[in-house]
Amino acid sequence: MINKILRKFRRSNNTITSSETNAPVKTTSEEEEHHEWDRPIEFVFSLISNSVGLGNVWRFPYLAARSGGGAFLIPYFVLYFLIGAPLYYLELALGQFSSRGPATAFILAKGWQGVGFAMIINSVLCMLYYNVVISWALFYFISSFRKRLLWSDCGHWWNTVRCFVPGDRGTTYTINGTTFNCTKLQYQNPIQHQCTKSKSFDDFGTPTLYMALSLLVSWVIVCLCIIKGVKTSGKVAYFTAIFPYVVLLILIIYTSTLSGAVDGVKFYIIPKWELVGDFKTWQAAASQVFFSLGLSFGSLMAYSASNKFDNNFFKQMCIVVSCDCLTGVFAGFAVFATIGFLAKALNETVEKYAASSGPGLAFITYPEAISNMPASPFFAIIFFLMLLALGLGSQFALTDVPITSLVELFPRLKKKRPIAVVITCVISYLISITFTCPGGIYFFELLQEYSANTSMLVVGFFEVIVISYIYGFNRFMNDVEMMLRKRAAEYYLFLTWYISAPLLIIIITITKLISAEPIKLGAGGGFPEYIFPRWSTILGWFIFVFCIIPIPLVFLVNYIKECLSLRAAKRNPKSPIQNNVPKPIYLHALTENNSPSEDWGPKRKENQIGLYQRKKEPFDNHGIPLEILTGDSDRRKELSNNEQY
């Protein structure tokens, strides 16, 4: 029944005629309606929006300060050069050449399509919690339109006793071991003040109204901006790519004039050389490179699949990778100048506030600093608008991955893409609404730690292995030459794809798994330090396995299918394969599992030139042109001598 449904969706009634053979050649509605970027600059801006995200502002500065200051730049730049840029090139090239997203691009090695499915899972899980951050930024952005910022004084229903005007401090209200996110007076009037508690992961609670509404608006914005694919998201990218740099420049210029800014910048850039040799420093740098560039999510392939076949993606890659690499460094000056100002204003040490990262930095430390600045509403508005721009650019790319995959797997959905977008966003909202519960922050931290983190390294490892060792480096560079008319950066890619990238990734991944520790939330916001329960750690490892399980699972399933198919063919006396399989079945099936699918190559007919014209020839069930097995000895010799076969 399931196979019938899939065939119904995949079936196409359209044909074209080959000018060479006059034989009907099937085409799909996807090829006829293939959408492209209106301008190459929109593709570049979309890549910048995807790569330059929230992590550049709230994660890189924190990692740099914690992992050696200026010395952190050594592992950071090394891993960018030896892992980040090569994999970025790989994903752009694969997507553009095949005009496919991650769901079908890995048919270049039939048994390894699970790599693409693992990308989709990583993208979906990250998409769910990433938009929650955007909803927080939206809530703060709306709250900034007033003369006095709401978080600059106390007396509101959401305040704890730790709410203070500089110089006045208190403690949280605790009763029977439970910490409440409100004052004692508000606790005594819970209905009036909507007092909620969240003492631990076990006490999850129900969604809160304001955050649920903010999250709904965030998903509506995402839906409207990507509803027509790159035609709409490409236009929005002009804003999401450029505006953050304008704001960062304003913040750097202004915060550099504040008292204490120099102390913060010194803390940021002064190198701590002893930390360079620490494996944790390299692990942090690797995670930052993968997450910042958007590697192993499939979004780069989904975007580049909409390029023209001869688009110069190599030059665009150099621009985007350089921007992303330097933006984190650039943002660090604005962040730490602000932290230095806040520390001096409150008579604290820079180190105390430098310990903040992620949501704590963006939604506690930085807003607190802004509230102490002159013209604080203005700076709050542009800061949170910048966070919205940074977040939305990445969110568009993440959300596009499952939608593109659905359209690829079920071509008839191509004409109904807007409906697919709406359904995806609605389902995603209903799932991610769990993050708006009082205990949602614990679930947020769990997903952030175990999904789209170490799993990205694992997926990246198999990406480069499949391309360089299984499909073949030389074969892939031939494909690149078809697009660019040259084998761009060939020697650099040979060194990195064959040696440095897989070796470094596997070392960093193993050391990261060995040194893994239970998650804990540092004290802050009126709450003490919290160590996650053991059951949540077990759940986290299940999430990690779920992110990478398609890779071995798809390989095994496809291998078994190949074995059964070859065994059936060998038993059939009329099968031409019976006398043309010199290897044992289990070895031949392994070879077939690592071979390209029969329809591998440029997806669009006009790009199927040269060797890829073979797609117009009839194939047997194992992707072998029938001419090789029956008749036409000259053609058989030509094809068998060509390394593409």
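Glycine residues also receive a Cβ, built from the backbone N, Cα and C atoms like all the rest.
Caution: TrEMBL annotation is automatic and unverified by curators.
Neighbour count (other Cβ atoms within 10 Å of the Cβ, all protein chains): 28 for S394 (Na(+) binding site). The Na(+) binding site annotation in TrEMBL covers V52, N56, S292, L390, S394.
Tertiary proximity for the transmembrane segment (73-94) is limited to same-chain residues at least six positions away from its ends with a CB under 8 Å from its CB atoms, namely 64, 105, 108, 276, 281-282, 285-286, 288-290, 293, 295-296, 298, 300-301, 304, 313-314, 316-317, 320-321, 325, 329, 460, 463-464, 467, 476, 479-480, 483, 489, 492-493, 496-497, 500-501, 504-505. The transmembrane segment feature in TrEMBL is assigned to 73-94 (among others).
Residues or ranges marked as transmembrane segment by TrEMBL: 115-142 (among others).
Residues or ranges marked as disulfide bond by TrEMBL: C154-C163.
According to TrEMBL, the feature transmembrane segment maps to 209-230 (among others).
As annotated by TrEMBL, transmembrane segment applies to 242-262 (among others).
Residues annotated as transmembrane segment in TrEMBL: 282-305 (among others). Long-range neighbours of the transmembrane segment (282-305) within the same chain, counting only residues 6 or more positions beyond its ends whose Cβ lies under 8 Å from a Cβ of the stretch, are 43, 46-47, 50-53, 55-56, 59-60, 63, 66-67, 72, 75-76, 78-80, 83-84, 87-88, 91-96, 98-102, 105, 116, 118-120, 122-123, 126, 230, 313, 321, 324, 328, 394, 397-398, 400-401, 404-405, 452-457, 459-460, 463, 504-505, 508, 511-512, 515.
Look at TrEMBL and you will find 317-343 (among others) tagged as transmembrane segment.
Annotated transmembrane segment per TrEMBL: 378-398 (among others), in sequence order. Sequence-distant neighbours of the transmembrane segment (378-398) (same chain, 6+ residues past either end, Cβ-Cβ under 8 Å): 46, 48-54, 56-57, 123, 126-127, 130-131, 133-134, 137-138, 140-141, 144-145, 149, 221-222, 225-226, 233, 236-237, 239-241, 243-244, 247-248, 250-251, 254, 294, 297, 299, 302-303, 362, 366-367, 370-371.
Residues annotated as transmembrane segment in TrEMBL: 419-444 (among others).
If you look at the transmembrane segment (450-471), the same-chain residues 6 or more away from its ends with a CB under 8 A from one of its CBs are 83, 86-87, 90-91, 94, 106, 108-109, 112, 115, 118-119, 122-123, 125-126, 286-287, 290-291, 295-297, 497-498, 501-502, 505-506, 508-509, 512-513, 540-541, 543-544, 547-548, 551, 594, 596. Residues annotated as transmembrane segment in TrEMBL: 450-471 (among others).
For the transmembrane segment (491-515), the residues of the chain that approach it from at least six positions outside its boundaries are 79, 82-83, 85-87, 89-90, 279-280, 282-283, 286, 454, 457-458, 460-461, 464-465, 467-469, 473, 477, judged by C-beta separation under 8 angstroms. Sequence annotations record features per position, and here TrEMBL assigns transmembrane segment to 491-515 (among others).
Here the transmembrane segment (535-560) has long-range neighbours at 110-115, 117-118, 121-122, 125, 201, 442, 446-447, 449-452, 454-455, 458-459, 462, 518-519, 589-590, 593, meaning same-chain residues at least 6 beyond its ends whose C-beta is under 8 angstroms from one of its own. Summarising the annotation, TrEMBL assigns transmembrane segment to 535-560 (among others).
Residues or ranges marked as region 'Disordered' by TrEMBL: 622-645.
Residues or ranges marked as compositional bias 'Basic and acidic residues' by TrEMBL: 632-645.
In sequence order, S49, N50, S51, G53, L54, G55, V57, D324, T327, G393 are the same-chain residues whose CB sits within 8 A of the CB centroid of V52, N56, S292, L390, S394, the residues recorded for Na(+) being left out. By the count of Cβ pairs under 8 Å, the stretch nearest in packing to the transmembrane segment (115-142) among 209-230, 242-262, 317-343, 419-444 is 209-230. Sequence-distant contacts of N56 (Na(+) binding site), defined by Cβ-Cβ distance under 8 angstroms and a gap of at least six in the same chain, are S292, D324, T327, G328, A331, L390. Counting every protein chain shown, the Cβ of L390 (Na(+) binding site) has 30 other Cβ atoms within 10 Å. Long-range contacts of the transmembrane segment (419-444) within the same chain, counting only residues at least 6 positions beyond its ends with a Cβ under 8 Å from a Cβ of the stretch, are 127-129, 131-132, 135, 181, 196-198, 200-208, 211-212, 215-216, 219-220, 222-223, 226-227, 359, 399, 402-403, 406-407, 413, 521, 530, 532, 536. Of the listed recorded positions, namely V52, C154, the sparsest CB environment within 10 A is found at C154.
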